[in-house]
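Worksheet for the structure shown next.
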Amino acid sequence: MDDNKRPLYLPFAGPAILEAPLINKGSAFSEEERIFFNLEGLVPYAIETIEEQASRAYDQFRSFNNDLDKHIYLRNIQDTNETLFYRLVQNNISEMMPIIYTPTVGLACERFSKNYRRNRGLFISYPNKDRIDDILNNSTRQKVKIIVVTDGERILGLGDQGIGGMGIPIGKLSLYTSCGGISPAYTLPITLDVGTDNPQLLEDPMYMGWRHPRIGGEEYAEFIEAFMQAVHVRWPDTLIQFEDFAQKNAMPILERYKDRYCCFNDDIQGTAAVAVGSLLAACKAAGTELNQQRIAFLGAGSAGCGIAEAIVAQMVSEGISDEQARTQVCMVDRWGLLLDNMPNLLPFQQKLAQKCTNIQNWSNFSDNISLLDVVNNTKPTVLIGVSGVPGLFTEEIIRAMHSHCARPIIFPLSNPTSRVEATPKDILHWTSGQALVATGSPFEPVVVDGETFEIAQCNNSFIFPGIGLGVLASGARHVSDAMLMASSRALAECSPLAIDGSGPLLPKLEDIHAVSKHIAFAVGKVAVEQGLTLPMSDEILQQSIEGNFWSPEYRRYKRTSF
């Protein structure tokens with residue numbers, strides 16, 4: 001218990017305290033608190049520390065035989081005692097992050113209605129579109145500073161999960177707290193229930209969402225607009241993170257609101273920021289610069305194109321022209337290499353399509369130019385996978401890349417693990433241990449010729465908690481492209497491999513607090529420089545970061561009245 005902080009004064013007592021996860025301490029209530037708050041007999045006699053509670057909880061966690069059961073167990077602790085939950089997760093971050101988020105959260109989303117136990121967050125359904133203000137006022141969280149919102153249409157690589165997508169905002173906000181020190185009292189997960197086009201859910205008698213095909217067009221746009229306006233009225237200074245919206249909606253929503261409200265899309269911008277940060281670290285480890293790379297993407301959706309645009313921006317900042325940078329980035333999707341004469345390119349794909357004149361001298365390529373064709377003709381030094389289709393980085397492709405690049409940089413980023421384009425084990429064996437690898441999901445270390453390679457997880461959790469902390473600490477009114485670029489550079493500065501030539505490409509999760517604070521400072525500093533917040537010195541910004549960083553410690557309670 002942190003006795004150095006002033007006590008919290010509570011106006012209620014008895015079972016109500018034990019039912020409030022933000023303030024419940026379970027067996028850690030002191031003797032005085034048990035008397036004053038009418039808790040005697042409601043908890044066992046022994047008074048425990050939070051570490052003793054966490055030790056018991058960890059033993060119980062280890063007793064479960066599969067990851068989904070472990071996920072459900074941890075969520076139950078979160079819904080009864082949030083301070084204990086975050087102490088347990090922080091004590092075992094490497095072991096538990098894959099359980100509370102990817103890859104296990106995908107299965108939890110698929111089984112959300114079947115495994116539903118207790119309410120968390122808000123479900124705003126389309127039939128209630130005229131009562132959004134009332135629904136927001138129903139939240140048990142009154143000082144919301146960060147919202148993660150989804151409509152459940154593109155959950156990881158699993159597609160439309162309807163309200164089951166709520167597992168993603170819950171998981172993401174758990175990482176904001178456990179990695180970025182954001183108080184759970186300031187977080188709110190929201191699912192916009194606009195129906196589902198998943199026939200299995202519509203026919204499932206246990207499905208708990210609105211049984212209706214997804215709305216679209218003007219109805220959808222008006223619903224999103226009503227939601228954004230209502231949130232801004234209720235919590236005008238909150239940061240809104242868009243999560244797992246379908247490709248057709250993700251970019252238009254971001255473009256519509258990024259200059260009106262403090263918001264960002266983690267799938268597009270967060271993924272891009274962590275990918276660029278990892279790429280900068282890999283380039284430094286390989287002894288080269290990003291603007292010298294030739295980059296091939298497999299996957300040209302909003303996430304892939306978001307990464308590509310961030311790479312182009314970083315290349316330009318390193319001194320080459322925008323036009324030149326775009327010639328060094330090739331986007332391949334299911335129809336092959338994106339070319340400027342293709343009739344059905346999406347708006348965000350058009351600027352990344354290669355000019356047909358650029359491939360006139362290519363040799364031995366098919367009608368739909370494949371990834372192998374791109375590798376053989378452009379000789380890329382970087383290969384990034386965001387396709388969501390497993391096994392597409394074949395041995396032939398990887399060996400062809402390695403034949404012209406001594407230290408290829410290969411990032412199979414698709415989630416969950418079952419969707420990865422190639423496993424690190426295969427990539428490292430096909431390149432004799434020379435590839436610099438980062439993945440979107442966690443993988444065990446790989447041994448090649450007696451050397452052990454730790455696999456960096458190019459996970460957004462290295463970026464978005466620091467961005468959120470930086471926005472809160474600085475009071476930024478928007479999330480600018482420059483702030484995101486600063487987060488990438490700050491992450492690269494934390495790379496063990498880039499710093500001393502050994503260790504993993506990205507920091508260990510055990511160092512995530514220091515990484516998040518470093519990123520928060522870089523993000524907040526740019527916000528100050530761009531006039532997106534009030535002027536403040538570096539010293540004041542750093543103090544604000546430390547002051548906003550929450551730790552899972554119990555507080556002393558006093559009763560306001562009897």
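Placed from the backbone N, Cα and C atoms, the Cβ positions cover glycine too.
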Determine which of Asp204, Asp259, Asp267 appears in Swiss-Prot for the same divalent metal cation site as Glu243, Asp244.
Asp267
Cβ-Cβ under 8 Å from Arg154 (NAD(+) binding site), same chain, 6 or more residues apart: which ones?
Asp160, Asp244, Phe245, Ala246, Gln247, Ala250, Asp267
Using CB atoms and a 10 A radius, I'd like the single residue among the binding-site residues Glu243, Asp244 with the highest neighbour count.
Glu243
Can you name the recorded positions among Tyr101, Lys172, Asn415 whose CA is within 10 A of the CA of Glu243 (divalent metal cation binding site)?
Lys172
Relative to the mean position of the Cβ atoms of Arg154, Asp267, Asn415, the recorded NAD(+) site, which additional same-chain residues have Cβ within 8 Å?
Ile155, Leu156, Gly157, Asp244, Ala303
Within the chain of Asn415 (NAD(+) binding site), which residues six or more apart in sequence place their C-beta under 8 angstroms from its C-beta?
Thr102, Pro103, Gly106, Leu156, Gly157, Gly440, Ser441
Over all shown protein chains, what is the count of other CB atoms within 10 A of the CB belonging to Lys172 (active site, proton acceptor)?
27
